[in-house]
C-alpha cells in the first residue's frame, strides 16, 4: 500500500545559488555579462576563422569547433539559470532536466576529446613538420572532429539513460542550479550505486584517455623543442602550444575535481561554485586565451578592422 501512495516525480526544483536579493542582482548582472561575452567571443572567433583564408588550417579548424562547443555548452545552462535567479520556484520538467543534462554533458565531453585532437595537431606540426600536410589531411581532420562528437554522444547517453531509468518518488528538489548527474542521483528512490560507479569509470576513462593523448603529445613536443638550437625557434614553438595548454589545464583540472574525486570529499555547495566556473566562465575564457596569445588571430582581426574602415580603392 505504501508503494502505491508514493508520488511519481514529474518535475524538479532547483535550490539555486543564493536567496539574498543583492547577491541575486550581482549574480544576474555577472552571469548575463559573461554569457554575452561568451556568445560574442566564440561567434566572433568562428566568423574570423571561416572568413580569413590564412586561418584555413587544421589548428583553426579545430579551434572553430571548440568555439562552437563552448558557445553551445554555455547556452544549455546560462539562459535557464538567468531566468531562475529571481523566480520564486526554479522548476524544470522531468524531460527538460534530462535534455539539459544530455546537451551539457554532450558538449563538455566533446570539448575534452577536441582538446586531445588539438594536442595531436600540435604534435604533428612541431615534431613531424615535413609530414604535417600528409598526417593532417582534410580527411584526418574531419575524423579527429567527428570522433569527439561520437564518443561524447555514447558517454552522455549512457549516463542520462541510466539516471532517468531510476525511480524518483520522494523529494524533487535538486541542490544545484542545473540538472547535473551527481545531485540528481541523490534523489533517486532506488540504489544508485551502479550509476555512481559508471559515472566514475566513464568520466575517469575519458579524462585518462584524452589526457594521455595530450600528455604524450606534449612530452614529445618538449623533447623536440629542447633540440631546437635557436632561441627564436624555441619561443615560436612554445607560443604555438601555450594557449592550448592553458585551456587544457583549466578545463581538466575543474572536471577532475568535480567528477573523478570521491563524492564525499567536499560539500555540494562547494561543488556548485566550482560548477558555476566551468559552466559559465570557462566557455568565455577559451576565445580570450586563443585570441590574446595568438599572433595569427590578432593579425586576422586587424586585417578585418582595416578592411572595414579602409576598404580598397578609397
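Glycine is no exception: its Cβ is also placed from the backbone N, Cα and C atoms.
Copied over from Swiss-Prot, here are the features:
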{"type": "TOPO_DOM", "residues": "1-25", "note": "topological domain 'Extracellular'"}
{"type": "CARBOHYD", "residues": "5", "note": "N-linked glycosylation site"}
{"type": "TRANSMEM", "residues": "26-46", "note": "transmembrane segment"}
{"type": "TOPO_DOM", "residues": "47-54", "note": "topological domain 'Cytoplasmic'"}
{"type": "TRANSMEM", "residues": "55-75", "note": "transmembrane segment"}
{"type": "TOPO_DOM", "residues": "76-99", "note": "topological domain 'Extracellular'"}
{"type": "DISULFID", "residues": "97-189", "note": "disulfide bond"}
{"type": "TRANSMEM", "residues": "100-120", "note": "transmembrane segment"}
{"type": "TOPO_DOM", "residues": "121-133", "note": "topological domain 'Cytoplasmic'"}
{"type": "TRANSMEM", "residues": "134-154", "note": "transmembrane segment"}
{"type": "TOPO_DOM", "residues": "155-196", "note": "topological domain 'Extracellular'"}
{"type": "TRANSMEM", "residues": "197-217", "note": "transmembrane segment"}
{"type": "TOPO_DOM", "residues": "218-237", "note": "topological domain 'Cytoplasmic'"}
{"type": "TRANSMEM", "residues": "238-258", "note": "transmembrane segment"}
{"type": "TOPO_DOM", "residues": "259-271", "note": "topological domain 'Extracellular'"}
{"type": "TRANSMEM", "residues": "272-292", "note": "transmembrane segment"}
{"type": "TOPO_DOM", "residues": "293-312", "note": "topological domain 'Cytoplasmic'"}
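Three or more CB pairs closer than 8 A are found between the transmembrane segment (197-217) and the transmembrane segment (100-120), so contact between the two stretches is assigned (pairs 6 or more residues apart). The disulfide-bonded residues considered are 97, 189; of these, 189 has the fewest other C-beta atoms within 10 angstroms of its C-beta. The transmembrane segment (26-46) shares more Cβ pairs under 8 Å with 272-292 than with any other stretch in the list 134-154, 238-258, 272-292.
DSSP assigns residue 97 (disulfide bond) to a helix in the three-state reduction. Away from its own ends, the topological domain 'Extracellular' (76-99) comes close to residues 9-16, 24, 27-28, 31-32, 34-35, 38, 107, 160, 163-164, 168, 174, 177-179, 184, 279-280 of its chain (Cβ-Cβ under 8 Å, at least six residues beyond either end). Across the topological domain 'Extracellular' (259-271), the model assigns an average pLDDT of 63. Away from its own ends, the topological domain 'Extracellular' (155-196) comes close to residues 6-9, 11-17, 77, 80-81, 84, 90, 92, 94, 97-98, 100-102, 104-106, 109, 202, 206, 258-259, 263, 268-269, 271-272, 275-276, 279 of its chain (Cβ-Cβ under 8 Å, at least six residues beyond either end). Broken down by DSSP into helix, strand and coil, the topological domain 'Cytoplasmic' (218-237) contains 17 helix, 0 strand, 3 coil. Below 8 angstroms of C-beta separation, residues 119, 122-123, 126-127, 245 of the same chain, each at least six residues beyond the ends of the topological domain 'Cytoplasmic' (218-237), sit close to that stretch.
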